Amino acid sequence: MRDYEEVTAFLGEWGRFQRLVFFLLSASIVPNGFNGLSIVFLAGTPEHHCAVPRGANLSGEWRNASIPLELRGGREAPSRCRRYRLAALANFSALGLRPGLDVELESLEQEPCLDGWEYSRDIYRSTIVTQWNLVCDNDWKGPLSTSLFFVGVLLGSFVSGQLSDKFGRKNVLFATLAMQTGFSFVQVFSTSWEMFSVFFVLVGMGQISNYVAAFVLGTEILGKSIRVLFCTLGVCIFYAFGYMLLPLFAYFIRDWRMLLLALTLPGLLCIPLWWVIPESPRWLISQGRFQEAEDIIRKAAKTNGVTAPDVIFDPSELQDMNSQKQQTYTILDLMRTRNILTITIMSVVIWMIISVGYFGLSLDTPNLHGDVYLNCFLSAVIEVPAYVISWLLLRNLPRRYSMAAALFLGGCVLLFIQLVPSHLRTLSILLVMLGKFGITSAFSIVYVYTAELYPTVVRNMGVGASSMASRLGSILSPYFVYLGAYDRFLPYILMGSLTVLSGILTLFLPESYGMPLPDTIEQMLLVKGLEYRPASSSTRDSKEEEENPEIFKSTAF
């Protein structure tokens, strides 16, 4: 749409209209920040142990000794899933025997929690874990709830692009905002874990769809210079702001149903935006609705205080531009040459690992030492400098080394956590936050870097395939956190090792900083270290003959 940029240049880059669109679209992202990670508190697992019914014929001493001790985190703590067999304890109690003196507790037979569990209310008043006893044999259901949300995100990312292309950016934005808010409200009244999880999938679908629609709408309305700022800082920092609000809501509202309701209601504040945020003029033109597009541009000109020309769009000229025949490309073109296949595989692996690290660390905040609400708030706050630093790096330094440095920082500090003495808890939290800083910075950079590596003809498909790998990583991330139940440092060791591996992979990608964007597959920059067939007497591959030799020379090795 180069002609569109020229035609609308009279509006300016940063008038009142652009500022309004920038901030209102960014504000529509705020609910995504606290809804996307609300499961941290909705599925919080408090300390618990087997319930001993009041009707059990036990003395006070035997009731206090009914739960066996187990080693957890280097200390003895009451078992969460076992108790001594109550029938035997009742006999000992009736005989007047004393636990530990007359009876050796370690030799007694144990049984599972047949009468349910007692939960500590020091941190949470209620969660879905306490509501439906998602502990012990059912503790896999908590991480699965989180994974199902990300399954919804994956499904939503499949359909959101097609929906916005067919029905319009604005319509899909508000329809999916309504979907996210509506199904979150229904979730409040869930009567079973299964019902909660099904609606969580639908909430995930709505969330990613409105995020993508807002992202696309902003990039199509805003000018080139502001577009970069919107994509790297506007959307990301407002998302982080929503994430910061989550622990504040959760701190004052300790019941999961009331918390979910409180997180849902702000979605209603987006309703008035329908009358302020316009449809994308670019999309309207692509649909042949030139008059509607012109009306929006004239209204924008009036808002900015500039005079619009008598004729803004020439329908015949635009129609000719839109009807130009273009070659059709498919997902198989991401494997057409050895170079693009290598870049695709590396991008998919890197995106998946970064996603595992980002969401793994975000979901792990309840397991850190100290106050769970403060830790979650710090995890959100650290994202703001991470986004600012990544924006500065993108403007001034090579992509490859910037992203590799961020990944090495994030991975190495996570690996170092296991070496920190147990009494230096503040240092452990500091290292986790530093790891989150590095991985978040890399997450922000990888979007731009990947888009620059792929040629125009398959750029959307390349970034889409990488983004899909990111969704798969987010689905796996709750189970990395779940491994912490077996070894406290195991999640950090795995996430740290994988992050360092992705940093090494990044060093083999070509450098795109300062290079013109490739338009065709043949113009793509070459992967470092990949062996190419040397030129010889008449045996050079015909495709290699078509490649621009300057691309070879300018690739940074």
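Here, residue 1 is simply the first one shown, and the rest follow in order.
Every residue gets a Cβ built from N, Cα and C, even glycine.
Lifted from TrEMBL, the feature list:
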- 20-43: transmembrane segment (TRANSMEM)
- 88-514: domain 'Major facilitator superfamily (MFS) profile' (DOMAIN)
- 142-160: transmembrane segment (TRANSMEM)
- 172-190: transmembrane segment (TRANSMEM)
- 196-217: transmembrane segment (TRANSMEM)
- 229-253: transmembrane segment (TRANSMEM)
- 259-277: transmembrane segment (TRANSMEM)
- 340-360: transmembrane segment (TRANSMEM)
- 372-394: transmembrane segment (TRANSMEM)
- 401-421: transmembrane segment (TRANSMEM)
- 427-449: transmembrane segment (TRANSMEM)
- 489-509: transmembrane segment (TRANSMEM)
- 536-557: region 'Disordered' (REGION)
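Tertiary proximity for the transmembrane segment (372-394) is limited to same-chain residues at least six positions away from its ends with a CB under 8 Å from its CB atoms, namely 33, 40-41, 44, 123, 229, 232-233, 236-237, 239-240, 243-244, 246-248, 250-251, 361-362, 365-366, 402, 406, 429, 433, 436-438, 440-442, 444-445, 448. Below 8 A, the CB atoms of the transmembrane segment (340-360) and the transmembrane segment (489-509) form 3+ pairs separated by six or more positions in the chain. Highest Cβ contact count with the transmembrane segment (196-217) among the listed stretches 20-43, 142-160, 427-449 falls to 142-160 (criterion: pairs under 8 Å). In this chain, the transmembrane segment (489-509) lies out of contact with the transmembrane segment (229-253); the count of Cβ pairs under 8 Å, excluding pairs fewer than 6 apart in sequence, is fewer than 3. Ranking 142-160, 172-190, 259-277, 489-509 by CB pairs under 8 A with the transmembrane segment (427-449) puts 489-509 at the top.
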